[in-house]
């Protein structure tokens with residue numbers, strides 16, 4: 001036999017000889033039951049919990065969505081402060097575009113006919129004056145409303161304050177109506193159209209479900225019990241679902257979240273992937289540690305007078321900002337998570353013999369017999385008996 | 001030897017004696033080939049599929065992005081309804097800020113010179129009347145346009161309807177032009193500037209690529225084949241890429257998604273992390289089960305007359321909302337997913353001997369020989385022969 | 001013994017006989033130490049790195065958030081171009097709603113009293129003319145400003161240009177002030193209210209922390225060192241934190257990101273889940289390859305003249321868009337990732353005996369002794385000696 005052939009054969013043996021552990025069969029029912037039961041526990045756990053409950057074999061994707069909203073309704077107001085007035089969507093929805101976030105005006109402080117001119121400041125300790133010497137010309141109080149002209153003027157018959165250059169007359173925002181001007185907005189409805197995509201799974205969905213027809217949509221109104229699929233929501237009802245009272249919230253304003261949950265298991269019939277609506281107030285209600293509670297902002301309508309000077313109507317708008325928040329995670333069988341989870345499960349199965357061995361060699365009556373036949377101690381010379389446990393490490 | 005020393009030695013033996021399985025080498029080519037082939041399959045699968053195709057060793061991060069848009073173009077309209085008019089961005093883009101979502105007005109119903117006043121309702125079965133008795137004063141029809149004054153007035157020479165208090169004259173939105181007023185908007189262009197960040201990997205990118213210079217940008221226009229990197233898009237072209245016709249869509253409006261996919265493998269040269277554009281209509285086109293198809297909203301321009309009364313021009317705006325949707329997931333080598341995937345792979349390798357053993361003990365001719373030498377049956381007393389398989393559980 | 005009983009017993013044996021590997025104990029300190037040390041390395045790595053550092057046992061959720069902002073401050077301008085003017089929030093914040101993205105006007109080009117009429121084009125090579133023949137009636141230059149009337153008019157005393165129909169007079173946007181008109185905006189403050197939710201863990205948080213009271217909030221200002229929890233930010237300071245100078249950026253505009261990181265480990269006391277603020281300029285500063293650097297857009301205020309014609313004031317607004325970007329991932333102990341990670345770790349532990357066996361059978365002096373007692377070669381007939389390694393595959 002040549003050297004090359006021998007070397008080649010050695011390599012073949014090295015690669016293709018199959019080395020398998022020698023095993024000992026213990027025909028003992030107790031040990032067998034421990035082994036099988038532990039195995040069963042692991043399998044149940046992995047299959048039952050990881051796969052069925054947690055769906056560990058799925059890969060996930062986050063939702064991409066688009067939302068349009070359309071508010072309907074009008075209200076008539078007739079308060080002492082204002083002329084009788086009819087409000088429609090172009091008056092009370094801001095911005096008007098029907099975005100996923102929209103604001104409905106419910107209460108307001110109007111300051112009409114402001115112009116760039118001079119007027120006395122609102123009375124505060126820092127603005128009250130007795131004569132012109134108290135008012136430094138050009139001083140710009142960060143908590144005031146304009147730049148001082150240096151004059152001290154009558155704010156009312158009893159109080160004199162420093163005059164400022166500003167948009168005059170100044171806004172007096174303490175005049176906020178106690179009852180929301182547009183409390184009737186609770187009967188407005190909003191139509192929400194929502195299309196979603198899970199790009200990884202090429203899944204598209206909309207909240208107007210396929211089985212719904214136009215005539216139903218023309219008349220329906222969302223109701224969790226009777227009309228859970230209708231995408232038209234009455235503001236009063238969704239406010240109630242969020243645990244709030246519309247009329248209360250309308251006075252100072254707030255933010256209401258319309259949450260649409262598109263969490264889906266796409267391994268099942270995709271037609272079961274339906275939106276779930278929920279409603280939650282997003283701003284903090286009445287905590288002691290809040291600044292500017294509620295929700296309001298100022299905006300102005302600008303006009304030009306016949307003489308060319310600019311005039312504006314300043315509106316401090318209180319109201320409810322609705323935010324349509326679309327979220328969700330879709331899961332679908334994925335080979336990588338499946339392998340990873342199955343691998344982890346197999347690892348646990350490899351623990352089972354360790355448990356069974358431990359039980360067998362520790363708790364069984366015949367443990368010495370088992371040990372003797374399972375475990376061999378190294379024999380120092382091929383002919384010797386197994387070395388005793390007394391061999392010290394030092395002398396080896 | 002003292003007891004303590006013995007105990008200590010016992011512990012040392014317990015910890016440092018190395019227990020290794022006894023193995024049997026089967027020099028059979030067939031079994032060896034089954035073993036190695038199964039091993040190869042698992043390795044190929046794990047390395048090839050999990051690592052190369054699915055990149056299981058990577059951890060991922062989601063994109064954070066900012067978008068600005070700038071529309072350019074103007075259009076001239078000369079229809080019978082309106083005076084000749086030049087439209088520029090300040091007229092047709094809403095909101096004007098150049099946000100990631102912007103609306104381009106393409107068609108409109110204008111109702112000028114509305115004031116808070118009285119006018120007869122639009123004729124509908126519920127609003128037609130013959131005399132004042134048919135109109136209840138103060139009645140607020142939810143599907144009407146205002147609050148009734150109690151009078152029955154001539155809507156036209158042939159029809160009488162109940163008079164309402166509202167923004168008058170009322171909008172007649174059935175007069176929507178059949179051809180979009182601003183169909184010329186198809187030639188407008190939009191510049192999209194998009195910066196992204198993957199915070200976990202501290203990666204920043206922009207859609208204006210480093211190799212692009214200003215003079216190129218001043219003149220280029222996106223074209224998937226010839227100019228795929230140009231961030232300036234002609235509306236007509238992106239509409240065509242989405243499979244829609246601009247002129248059709250312009251009549252009733254709609255929503256078009258400009259999707260920018262920043263999915264990247266950051267283990268490679270980061271310069272390869274480039275945006276991929278795609279375009280898709282996001283609202284449903286023409287399903288039977290839709291309410292308010294297309295996309296429109298109402299807004300008003302407010303004016304003040306010389307006598308101080310407020311007047312508005314109500315505009316029902318139809319048009320196309322463009323939504324720039326930036327998405328993507330970046331992957332980069334991560335130690336945790338790498339370990340988890342490698343561990344799962346190792347688990348599968350531990351299955352291979354089970355397969356090989358099964359083949360060896362079931363399918364091979366010499367299976368009895370192999371079994372005899374691999375498997376030992378427990379010998380009840382150390383001197384006994386192995387017990388026969390006939391031993392019943394009952395008698396043990 | 002009947003056949004059925006035998007079959008049944010065979011099945012019982014098959015299921016409940018416990019098959020355990022026969023092992024050889026090597027009482028060698030060196031091999032033992034290699035085994036235990038490798039084991040320790042794997043455990044340390046997995047426990048220390050994967051669990052403690054990377055928190056591989058946690059499942060994660062992405063943040064859902066809502067943001068409101070409120071800008072405060074006013075500025076007085078007195079430039080040669082404009083009348084003295086006081087600017088307040090209703091003038092310089094766009095859109096006014098206090099959204100998570102808001103724009104503060106810092107510089108502007110105003111073109112007042114535009115009407116739909118005729119005027120000569122701005123002089124450019126393509127618009128300059130000598131007589132009416134140079135101007136084609138009805139021509140619509142995409143880079144021009146309107147539709148040509150066919151006349152050649154005096155733009156100035158020295159230059160004649162083609163007349164166009166457009167919003168006239170045309171905007172001359174080269175007149176942008178070198179110093180930002182509203183540079184004083186650097187002293188404005190913005191209050192940011194941010195509520196977040198991790199829906200999977202039902203965790204809610206706000207950036208106004210529980211221990212903060214109203215009086216503190218009324219006066220505080222964010223400072224990374226002294227007031228890191230105050231949600232009121234002075235624009236100048238956050239611009240400085242982002243490495244930018246407000247006055248510089250105010251001239252041409254830009255985009256500033258206010259990043260709120262809510263990354264949390266919810267296995268710990270949830271009260272430790274606090275927002276971390278950071279600030280970063282999001283548009284590219286001054287690269288050579290940019291079009292339209294900075295940030296600007298055009299909008300118009302519409303007025304109606306006494307004779308009913310529409311007039312507008314076109315404003316090219318430069319300024320800073322602030323974007324509040326809330327991001328973060330919360331982690332909490334999850335059974336699936338924990339099992340997967342533990343499984344992967346166990347897999348690695350199963351590698352340890354392979355390493356120890358290799359050391360034992362390769363590097364130890366007594367390797368032949370170990371090999372002889374650990375590995376048995378198949379004996380062809382039960383009475384034969386183990387076959388020699390020389391057996392060729394060909395003859396088997």
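Including glycine, each Cβ sits where the backbone N, Cα and C put it.
Annotated ATP-binding residues in TrEMBL are B:70, B:71, B:72, B:189, B:296, B:297, B:298, and among B:55, B:276, B:316 the one listed with them is B:316. A distance of 34 Å separates the Cα atom of residue B:316 (ATP binding site) from that of residue B:230 (disulfide bond).
In sequence order, B:187 are the recorded positions from B:119, B:135, B:187, B:220, B:230 with a C-alpha within 10 Å of the C-alpha of residue B:72 (ATP binding site).
Checking the recorded positions B:70, B:71, B:119, B:135, B:152, B:187 against chain A with a Cβ-Cβ cut-off under 8 Å leaves nothing. Contacting chain C by the Cβ rule (under 8 Å between Cβ atoms), the recorded positions B:70, B:71, B:152, B:316 reduce to B:70. Cα-Cα distance from residue B:264 (disulfide bond) to residue B:230 (disulfide bond): 19 Å (rounded to the nearest whole number). The binding-site residues in question are B:70, B:72, B:298, B:316, and the one with the fewest Cβ neighbours inside 10 Å is B:72.
Counting only same-chain residues at least 6 apart in sequence, those with a Cβ under 8 Å from the Cβ of residue B:162 (disulfide bond) are B:120, B:121, B:127, B:129, B:134, B:135, B:148, B:149, B:151, B:152, B:153. Annotation: B:296 carries the greatest number of neighbouring Cβ atoms among the recorded positions B:187, B:189, B:296 [cut-off 10 Å, Cβ to Cβ]. Ranked by how many other Cβ atoms sit within 10 Å of their Cβ, the disulfide-bonded residues B:152, B:220 place B:220 at the bottom. Taking every pair among B:70, B:71, B:72, B:189, B:296, B:297, B:298, B:316, the residues listed as contacting ATP, the largest Cα to Cα separation comes to 25 Å. Cα distances from residue B:297 (ATP binding site) to the disulfide-bonded residues B:119, B:220, B:230 are smallest for B:119. You'll find the Cα of residue B:298 (ATP binding site) roughly 34 Å from the Cα of residue B:230 (disulfide bond).
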